[in-house]
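Trainee: Attaching a single structure in C-alpha cells format; questions to follow.
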Amino acid sequence: MYLATTDAVAKSSKKTKKTKKSEKTEKSEARRGRVAGPVLALGAVSLVTDISSEMVTAVLPLYFVLQLGLTPLQFGFLDGLYNGVTALVRLAGGYAADRGGRHKLVAGGGYALSTLSRLGLLLAGGATAGIGAALAADRVGKGVRTAPRDALISLSGPPDTLGRAFGVHRAMDTTGALLGPLAAFALLWATADAYDAVFVVSFCFGLLGVLLLVLFVPGRRELSPPKPRDPAARRPGAPALLRVPAFRRVLLAASLLGAATIGDAFLYLLLQRRLDFAVSWFPLLPLGAAAVYLLLAVPAGRLADRVGRRAPFLAGHVALLCGYVLLLAPTDGWPLLVGVLLLLGVFYAATDGVLMALATPVVPRERRARGMAVLQTGQALARLLAAAGFGAAWTLWGIGTALTCAVIALTVALAGAAALLPRTERTP
Amino acid sequence: MTPSAPTAPRSLRSRIIAVAVAAAVLAGVAVAYTLHAARRAQSADAASEFGLDRGQLYFRGTEAGGAGRVARLPAPGEATPGKAAHQAARTTGGPSCERFYAAARTALCLQRRSGIPPKSYAVVLDERLREKRRIALTGIPNRARVSASGRMLSWTMFATGDSYAGSSFSTRTSILDTRTGYLIKNMEEIPLTLDGRRYHSPDVNYWGVTFARDDNRFYATVSTKGRTYLVRGDMRKWAATALRTNVECPSLSPDNTRLAFKKRVREGTRDPWRLYVLDLRTMREHPLAERRNVDDQAAWLDDGTLAYALPGADGRRSDIWSTPADGSGKPVLRVRGGSSPAAVG
C-alpha cells in the first residue's frame, strides 16, 4: 500500500519543491505501469455496476415511450428532474462519507440502493408512480456513491500517479457503460422485448458490484489511520473548504467551463440534423464517443501525471471547442461524424478523471469526499444551466447563432479557467 | 483485481472464492430468467388460439395478462350501454402486434422488435391467424388497414418523429396486393394532382390508406407544405387526386358511401382533432357525437357505427369507444383496455 505517500497529499504544497520532486520521480519510476489494488477493485466495481445501470438507462426511454405510452416530453422532464436530484444528493453523500472516513460504507450504500431500484422497476409493473420511485432511488444511489468513490480512489495511490489511477478507473467504468446498452439490446432482441429480463439481469450485475466492493475495497481502517489534522479540516461544513483558495480556484474554473458546455444530447441532435441519418441509429452516437473516451482515458491520465493536470484539462476543453467549431463549419458526412465523436471522446478522457486528480492535492484528506462532491455538483449545476441556456438560445435565435454563442462562451471560459487554475503543480 | 497489503493475504483466497461462487449463482439466475422470458416470448409468437370469424370484434389488448396481444369478443349489432366492457366474453391469446386490422380472411399485424437498430415488421396472417408473409421495415408502426375483401393491405410507419402532433415527422406508407404479391414499399412516388395540376414536391407524405370494395379505388391523407389533403387514388392507373383539405386518416364505410376521418379543429398540439363523416354523394360533412380529441383512424363496425381508441382512464393506455356514424347519440365504451379495433363481418 501507498499510505506513506498519500499522507503527503494535503500538505504537499508545504514541502520544499526539491524534496517533493525527487520523491515523486522516485515513486513514479517504481510504480510505472502499475495501479494500486484498491483502484483496480473500484474500477471493477464501477465496470460491473455500469453494465447494470447503463442497461436500464439504455432501455428506459423505449420502455417509457413504447411500452408505457408516456410522451417523449414527459420522459425528458422526469429525466431532467432526477438529474437535478443527483447533483444535490451528491453533497449529502460526500458529507456523510467524510464523517469518520466512512467512504466505503456510504459508497456501498449508494451502490446497494441503485441495485435494489431494479427490483423496484420489476415490481412496479408499469405503474408510473412506482417506476418514478424506482428511478428516484437509482439516481439517489448514484448521487450518494460518486463522491466517496472518487475520494477512495484519491486516497488509494501516491499523488503523482493519480491521473493514471483515475484514468484506469474511468476506462473500466466506461467499458461497463459500453457493454451495458449492448447487453440490454441483446436481451431485448433475444426475449422479444421482455423488459423485466433486462431489469433482472441488471439487478444481478448490480449485486455482483456491491459484493466486489464489500470484499475487495479497503475500508476505513486500512485506508486512513487517524492523522494529525490540518487546522482547516476541523472547521465544520463545506464552507470551510471554500476558504481554501486553491480549491476555490479549481471549483470556479470547473464551474465556469461547465457553464459553457452545452451537453452531449444537443451535440448528438445537431449531428443527426446535419447528417440526416435514421433516428434508430441515434443511440449509437454516445457509444462512439464512449469508445474514444475508453481508449484515451489511461493515456490522458498518464500524460496528466507527467506534465501536470492543468494542461490536459484545458486541452480537453479545447477539443470540445473544436467540436463546436466543426459543427459550425461546412464539414459534412463521415468527417463530421467521426470528428465530433472523436473530439467529444478526447474531451471526456482529458477532463473527467483529470479534474479529480487536479483537485486532489488541494483538498485535505479529511474532507476529500466532500470536496469532490462540491466540485462535481458545481460542475453539474453549471452544465444544467448551460444546457437550459443553449436550449433557449436555439429556440430564440436558431441553431447557428446558438452554436456561435457556445463557441464564444467556451473561449471566454477557457481563458478564465487558464487564469484561475493554480500553476503550482510540478512540471517534469 | 488483487488487493495488496492492507487486508490479510490469507483471506484473499476465500474472498475470491466467495465472489466466484456469487458470480456463478447470479449468472445462473440471469440466464434462467432470460430463458424463461425468451420462452414466454415464443409462446406469444406462437400460433393464435383463435382465427378470424364473422361477428367478432378484434382488438389489441393493452392490459396486463394479454398486453400487446390481439384479443376478440363477440360484436353485437348495437352497443349495449351499461354492459359496455364485455369483459367476461373476451378471448385472449392472439398474435402480438403493435397495430392490428383484419377483414374477411386476412389480418395485418404490425410488430416492433428492439435491437440496434430496432426493426419493425408487417406480418400478413391468414384466416387462422397464422403467418403468411413477413415484411421487414423501419420505423414505428402507426396505421394498418385491410380492404373489405382481404386482398389489399396498407400500413403506415413513422420514419422520423413519432406523433402527428409535432411539427416535423415523416411517414412511409406501403401497399400490398396479397393476390399478386406486389408490394409498394413507399407510395410517395404516386403521381398526384392537386388543384387540377400535377404536383411535385419532395415533402409529400402519405398515410392512412382505406380501400373501396373494388380493391382499386382508395382514399388516403397526403401532407405537403404544412397542409393535409384527402386524396382519392386509383391502383390500376396509379394516380391520386386531392379532393379537399384538412382531412386525416380516412376510413371508408362498408357500403362505400361515406368517409370517416379526423379533422383538425384547433391549431397546436392540444386536442387538435375531431371525428367527422363525409357523405361522398353530397360531399357534405358532419361532426360525430364524440367531442373528445381522437387521434386514430376510425374503424367502421357496421354501416352505422364507428369505433376508435382513446387514452384510457386510470392510467390505462387506451380504451375502445364507439359512436353512431350519423352524429346522433353519444359515445359508448366498448372495450376496456384495447386499441386497433377491427370488426370482421
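Using N, Cα and C of the backbone, Cβ positions are placed for all residues, glycine too.
Remember, it's a predicted structure, so these values are computed and weren't measured experimentally.
Grabbed the feature section from TrEMBL, which reads as follows:
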- A:12-21: compositional bias 'Basic residues' (COMPBIAS)
- A:22-32: compositional bias 'Basic and acidic residues' (COMPBIAS)
- A:38-427: domain 'Major facilitator superfamily (MFS) profile' (DOMAIN)
- A:1-32: region 'Disordered' (REGION)
- A:119-137: transmembrane segment (TRANSMEM)
- A:174-192: transmembrane segment (TRANSMEM)
- A:198-217: transmembrane segment (TRANSMEM)
- A:250-271: transmembrane segment (TRANSMEM)
- A:277-299: transmembrane segment (TRANSMEM)
- A:311-330: transmembrane segment (TRANSMEM)
- A:336-359: transmembrane segment (TRANSMEM)
- A:380-397: transmembrane segment (TRANSMEM)
- A:403-421: transmembrane segment (TRANSMEM)
Trainee: Which of A:174-192, A:277-299, A:311-330, A:380-397 has the most Cβ pairs closer than 8 Å to the transmembrane segment (A:250-271)?
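Mentor: The stretch with the most contacts is A:380-397.
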Trainee: Is it true that the transmembrane segment (A:311-330) and the transmembrane segment (A:277-299) have 3 or more Cβ pairs under 8 Å, skipping pairs fewer than 6 apart in sequence?
Mentor: no
Trainee: Express the predicted model's confidence over the domain 'Major facilitator superfamily (MFS) profile' (A:38-427) as a mean pLDDT, rounded to an integer.
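Mentor: Mean pLDDT for the domain 'Major facilitator superfamily (MFS) profile' (A:38-427): 85.
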